[in-house]
Amino acid sequence: MEENSEVINGSQVLWCFGVPTNLLVEDPTNSIILIVFNTLTSVTALLGNFMVLITLWRTPSLHSPSNTLLCGLALSDLCIGFLSGPINAGFNIMRLRNSVHLKSCALMHTIILFTTYLTPITLCTLTAMSIDRYLALHLHLRYEQVVTERKTTGLLILVWFFSGLYPLISSLDEKPVTSSLIASTIAICLLAVSFTWVKIYQVVRRHQAQIQDQMNAQAQQFNMAKFKKSAVNALFILLLHLVCFLPLLVAKIALAVRVNLLNVRILNFTYILVFLNSSLNPLVYCWRQRDLRAAVKETVKKLCCCRKR
């Protein structure tokens, strides 16, 4: 376990992997609430994202580059439910036993490593989803030739592989480097997403203005309506992730540069949003995509029938 100390304002402050241990102290009642919440969200995230993944895998009609990216998000949420949630619950159990300065330090470090690994994956996948919608609009009939499931899968593999650099650098205690990498990733992803959606809006407006022939207009309106629906779905998922992840990203940057302006409740709130997001996402996917919702229902029926047999 890596612990060090320094004197701030005349008092000694212990640090646990870049986190001041005074931030790890929590009221017992709040710790119990967090344990219950982490347990519930872990179970729902596991079940929900597992159903989405197995449904997309077993339903050929749902195989597409867009849904491949959706699988990437679901897999990331599955990891949060399977790893980060239970570890965070164990961390809160340690705090109940008043062992903040010992065993819980290692658990805190594990939580930081997992979130440092999974957060760039989520950001990059969301950015890829936005670019995918722009390419679908920009390339028209060439989209299926240029953007394929194999290429999308390869992109996801690269994202998951290179995201391992973040926790690796963080584990080496290179806080300035980690801080710079996280800030750069956030900036690049936000700029790419903003640029992409501005271009989508401009192209949609231009296409609608160019429609003159009535028969051609009806065909284009149908295609445009279908695209708009898929774009709105992607945008809704993007905004939900941003709302839930941005507080954690800001907190991680603040801790990376050792800005001692955070308290334990703020940190807990940021993790609560991330865990809640992993549980809500499967519901949002099914709510926004009718074909996925129907396929998930069919998968549940088949699994229930298999259990009865």
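Note that Cβ sites are derived from N, Cα and C of the backbone, with glycine treated the same way.
Please treat TrEMBL annotations as automatic predictions, because they have not gone through curation.
Annotation comment: TrEMBL describes 48-285 as domain 'G-protein coupled receptors family 1 profile'.
For 32-57 (among others), the entry in TrEMBL reads transmembrane segment. Long-range neighbours of the transmembrane segment (32-57) within the same chain, counting only residues 6 or more positions beyond its ends whose Cβ lies under 8 Å from a Cβ of the stretch, are 26, 63, 67, 70-71, 74-75, 77-78, 80-82, 85-86, 88-89, 92-93, 96, 268, 272, 275-276, 278-279, 281-283, 285-286, 292, 295-296, 298-300.
According to TrEMBL, the transmembrane segment annotation covers 69-87 (among others). Note on the transmembrane segment (69-87): residues 38-39, 41-46, 48-50, 52-53, 56-57, 107, 110-111, 114-115, 118, 121-122, 125-126, 128-129, 132, 152, 156, 159-160, 237, 241, 274-275, 277-279, 281-282, 285 of its chain, located 6 or more positions outside it, place their CB under 8 angstroms from a CB of the stretch.
Feature annotation from TrEMBL assigns transmembrane segment to 107-131 (among others).
Sequence-distant neighbours of the transmembrane segment (152-169) (same chain, 6+ residues past either end, Cβ-Cβ under 8 Å): 65, 68-69, 71-72, 113-114, 116-121, 124-125, 128, 132, 177-178, 181-182. Sequence annotations record features per position, and here TrEMBL assigns transmembrane segment to 152-169 (among others).
Look at TrEMBL and you will find 181-198 (among others) tagged as transmembrane segment.
Taken from TrEMBL, the feature transmembrane segment applies to 234-257 (among others).
The transmembrane segment annotation in TrEMBL covers 269-287 (among others).
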Quiz item: Does the transmembrane segment (181-198) come near the transmembrane segment (107-131), with 3+ Cβ pairs under 8 Å (pairs 6 or more apart)?
Solution: yes
Quiz item: In the same chain, which residue numbers or ranges, 6 or more beyond the ends of the transmembrane segment (269-287), come under 8 angstroms Cβ to Cβ?
Solution: 34, 37-38, 40-42, 44-45, 48-49, 51-52, 70, 73-74, 77-78, 80-81, 84-85, 88, 111, 115, 236-237, 240-241, 243-245, 247-248, 250-251, 293, 296
